[in-house]
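J.: Here you go, one structure.
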Amino acid sequence: MARPKNVKHIFVTGGVISSLGKGILSASLGMLLKSRGLRVAIQKYDPYINVDPGTMSPYQHGEVYVTDDGAETDLDLGHYERFLDEPTSQASNLTMGRVYKSVIDKERRGEYLGGTVQVVPHVIDEIKEKMNDLAKNGSLDVLITEIGGTIGDIESLPFLEAMRQLKLELGDRNVLNIHLTFVPYIKAASELKTKPTQHSVKMLLETGIQPDILVCRSEKPLSREIKNKVGHFCNVHEQDVIGLNDCETIYAVPLMLLREQLDLRVMKKLGLKKFREPNLEHWKRFCEKVTNPKDGEITIGVCGKYTEYPDAYKSIIEAFIHAGASNDVKVSVKMLRAEDAEDSSFNMNKAFEGVSGLLVAPGFGDRGIEGKVQFVQYARENNIPFFGICLGMQCASIEFARNVCDLPDANSTEFNKRARFPVIDLMEQQKKVKEKGGTMRLGSYPCILKEGSKVHEVYGKFLINERHRHRYEFNNQFRKLFEEKGMIFSGTSPNGELVEIIELKEHRWFVAVQFHPELKSRVQKVHPLFDGFVQAAKEFAMGKRQLTLEDELPRLSSEEMEGAG
């Protein structure tokens with residue numbers, strides 16, 4: 001198989017409306033090209049002026065996805081990693097804020113030799129230089145770049161201009177544009193409407209870019225007639241109009257695009273030849289397990305502060321899909337708003353109806369903390385499988401200190417700087433940090449597991465590496481007391497100073513971690529902790545069903561019992 005001499009660039013843009021799924025499209029195409037033997041990477045360009053999403057509200061941006069090298073990035077990078085099973089990095093996410101910051105820093109250093117710094121050429125040249133960063137080391141065949149925003153947005157124009165110039169410089173055989181649009185279905189007319197797509201392409205043409213391939217999102221499949229009409233009015237061949245209708249799971253998208261031959265159209269246009277046929281049997285089996293689990297459904301409660309906006313917990317939800325497939329069940333997530341438990345009229349028994357496990361999610365700030373602590377207490381006292389992540393571990397520590405160690409005023413100094421029993425405290429190296437952005441303990445760090453612990457059993461090894469995003473840690477002054485009361489510190493930093501994992505031996509599953517395991521769960525590599533947690537929740541659910549069944553069976557009299565013998 002002959003490698004291309006130059007890295008091939010694929011740019012994915014979106015039109016008509018936002019949230020069409022450019023990230024899923026990019027990840028799916030990347031997976032298809034990788035399955036053919038090509039070396040693929042994906043990057044995301046966001047048009048906002050923030051340097052990174054690290055300080056942005058989860059309500060506005062969703063979760064912050066942390067890479068191994070400590071970059072705080074867009075949640076779409078999570079899709080890239082889950083679909084490609086390849087790590088991303090700081091270079092995989094560029095914001096317009098970082099571009100402007102770099103240009104201004106260069107101006108301050110005098111690198112522009114007294115010239116007037118302008119969007120064209122200086123900002124555009126900076127973007128083009130960044131576009132090639134991932135391609136410089138010679139380890140790639142294809143680089144896919146997702147351009148955030150919607151065609152027509154002012155913010156995206158510099159990215160589009162850089163893309164236009166790059167295509168002019170490198171040629172059609174090296175740069176390709178895929179434009180994702182929306183074809184709405186009008187129920188009153190019982191037909192799909194192509195006019196929004198036509199207008200979106202018209203706006204893209206106004207920037208000097210002719211799309212090479214159109215991918216049309218729709219509620220229903222596109223007929224050949226519709227594809228022909230779209231192609232005719234948008235100046236692309238009918239075979240370059242790809243249908244992408246709604247499906248049960250996002251993991252079915254690569255299979256749909258394979259049937260539509262998107263990967264073949266891309267390879268032909270970029271002159272990529274003699275690559276192997278894709279083998280996606282493993283992916284098909286996974287999708288079958290997701291859509292038709294043989295052991296039914298279980299419900300897991302996710303207690304958080306941002307439950308109105310599920311994208312704030314995107315990687316957690318996806319990790320449950322992976323773990324559900326691994327355990328032959330569908331995991332239905334029930335969002336539990338932490339603040340609700342702080343109301344005196346709140347019924348905890350009702351909140352846990354039908355729930356077979358509790359995950360207390362990450363977050364920042366004191367809002368809803370007391371509610372989270374109450375949820376942890378209920379799960380611990382009722383032997384319900386429990387899993388805490390980051391802030392969830394800190395809440396589990398506070399709850400254990402108050403209700404088991406008899407430290408009623410236990411708290412974190414994040415919520416009460418004068419806490420009498422600060423079982424969670426600011427990390428020593430964080431105490432002189434003043435700025436918010438990019439200053440936490442970020443990225444991948446090693447952790448040593450305790451032999452014989454639950455986590456050692458599920459990981460099957462002693463040394464692990466997990467991704468972190470936190471400023472506060474367990475206060476070691478309380479370790480001895482916790483251990484005396486039954487808490488196991490089953491994971492620590494290699495020097496033993498930083499507590500990474502806690503668990504309870506006598507509980508069916510009570511594990512809490514300081515890191516973010518959801519960020520490393522993959523389709524073919526379900527994260528061991530999610531796998532173990534879902535398995536415990538499944539066993540708990542089956543036990544409850546068995547008890548319910550026994551209660552519903554008619555009770556036989558002693559005479560009937562003797563007769564049955």
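Glycine residues also receive a Cβ, built from the backbone N, Cα and C atoms like all the rest.
The shown structure was predicted, so the numbers you read here are calculated from the model rather than taken from an experiment.
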J.: Look at the CTP binding annotation in Swiss-Prot, where Ser18, Asp153, Ile154, Glu155, Lys193, Thr194, Lys195, Pro196, Thr197, Gln198 are given, and name the residue from Lys101, Lys106, Lys227, Lys229 listed for that site too.
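T.: The record-listed residue among the candidates is Lys229.
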J.: In Swiss-Prot, Tyr59, Leu391, Gly392, Met393, Gln394, Glu414, Arg471 are given as binding L-glutamine, so which of Gly363, Gly438, Gly443, Gly496 is in that site too?
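T.: According to Swiss-Prot, the candidate sharing the L-glutamine site with Tyr59, Leu391, Gly392, Met393, Gln394, Glu414, Arg471 is Gly363.
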J.: Name the one residue among Asp69, Asp74, Asp76 that Swiss-Prot lists for the same ATP site as Ser19, Leu20, Gly21, Lys22, Gly23, Ile24.
T.: Asp76
J.: So what's the average pLDDT for the region 'Amidoligase domain' (1-272)?
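T.: The average pLDDT of the model in the region 'Amidoligase domain' (1-272) works out to 93.
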J.: Give the distance between the Cα atoms of Gln198 (UTP binding site) and Ser19 (ATP binding site), rounded to the nearest whole Å.
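T.: Distance (Cα to Cα, whole Å): 19 Å.
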J.: Under 8 Å between C-beta atoms and at least six apart in sequence, can you list the same-chain neighbours of Gly23 (ATP binding site), or say none if there are none?
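T.: Listed in sequence order: Lys44, Leu75, Asp76, His79, Tyr80, Glu146.
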J.: Using a Cβ cut-off under 8 Å and a sequence separation of 6 or more, which residues in the same chain sit near Met393 (L-glutamine binding site)?
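T.: For Met393 (L-glutamine binding site), the qualifying residues are Phe474, Ile501, Ile502, Ala512, Val513, Gln514.
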J.: For Tyr59 (L-glutamine binding site), just count the other CB atoms lying within 10 A of its CB, please.
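T.: Excluding its own Cβ, the number within 10 Å is 11.
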J.: Enumerate same-chain residues with a sequence separation of six or more from Gly363 (L-glutamine binding site) and a Cβ-Cβ distance below 8 A; give 'none' if the list is empty.
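T.: Listed in sequence order, they are Gly304, Lys305, Tyr306, Cys390, Leu391.
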J.: Please report how many Å separate the Cα atom of Lys22 (ATP binding site) from that of Thr197 (CTP binding site), as a whole number.
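T.: Approximately 15 Å lies between the Cα of Lys22 (ATP binding site) and that of Thr197 (CTP binding site).
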